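Asker: First the structure, then my questions, so here it is.
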Amino acid sequence: MMNLWKDLEPGPNPPDVVYAVIEIPRGSRNKYEYDEERGFFKLDRVLYSPFHYPLDYGFIPRTLYDDGDPLDILVIMQDPTFPGCVIEARPIGLMKMLDDSDQDDKVLAVPTEDPRFKDVKDLDDVPKHLLDEIAHMFSEYKRLEGKETEVLGWEGADAAKEAIVHAIELYEEEHG
């Protein structure tokens, strides 16, 4: 069986175009996680709060970030996909974030195969209100679990690409 974290390349042209393996579809309150060792998706928990995921959420294959997990990615989609869907995505920004004091940044991206997003290249091309909604959700969604998160702000496409290169290098150091 193919392991979506270990066997799939980070993308066709990283860091400019990457693969996003979706774990959680937009609109879901269920937090699914990919079990990297066993190669399947499992329900980690249902969010304790009334929040739902505002975008499709997943990870970039063959990456490892500072929190010890694959690098997270959020993909702006018109319609939600499903756990296990692989999207070819163009990074446009980076949400800097702490989760229980661990660096847990998230790449923001758009699908390369949707003509609605062909001109979206950086954060300036995204409505500020959408960025505020995303940051608000990730600032508050764990509060009722007694956990703390802090969104430190947004950085542009160049920062996202730097994070991707860093995460690919960390993966290679750890897993060869």
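Each residue, glycine too, has its Cβ placed from N, Cα and C.
Values in this document were obtained by computation on a predicted structure and should not be read as measured data.
Dumping what Swiss-Prot says about this protein:
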| type | residues | note |
| --- | --- | --- |
| BINDING | Lys31, Arg45, Tyr57, Tyr141 | substrate binding site |
| BINDING | Asp67, Asp72, Asp104 | Mg(2+) 1 binding site |
| BINDING | Asp72 | Mg(2+) 2 binding site |
Asker: Around the Cβ of Arg45 (substrate binding site), how many other Cβ atoms lie within 10 Å? Please give the count over every shown protein chain.
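Answerer: Around Arg45 (substrate binding site), other Cβ atoms within 10 Å: 11.
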Asker: Take the mean position of the Cβ atoms of Lys31, Arg45, Tyr57, Tyr141, the recorded substrate site. Which other residues of that chain put their Cβ within 8 Å of it?
Answerer: Ile24, Arg29, Asn30, Asp44, Leu47, Tyr53
Asker: Round to a whole number and give the Cα-to-Cα distance in Å for the pair Asp67 (Mg(2+) 1 binding site) and Tyr57 (substrate binding site).
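Answerer: So the Cα of Tyr57 (substrate binding site) lies 17 Å away from that of Asp67 (Mg(2+) 1 binding site).
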Asker: Would you mind reading off the Cα separation of Tyr141 (substrate binding site) from Asp104 (Mg(2+) 1 binding site), to the nearest angstrom?
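Answerer: Between the Cα atoms of Tyr141 (substrate binding site) and Asp104 (Mg(2+) 1 binding site), the distance comes to 14 Å.
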Asker: Using a 10 Å radius around each Cβ and counting other Cβ atoms from all shown chains, which of the binding-site residues Asp67, Asp72, Asp104 yields the largest count?
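Answerer: In terms of Cβ crowding, the pick is Asp72.
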Asker: Taking the residues the record says bind substrate (Lys31, Arg45, Tyr57, Tyr141), how far apart in Å are the two Cα atoms that sit farthest from each other?
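Answerer: The span, Cα to Cα at its widest, is 15 Å.
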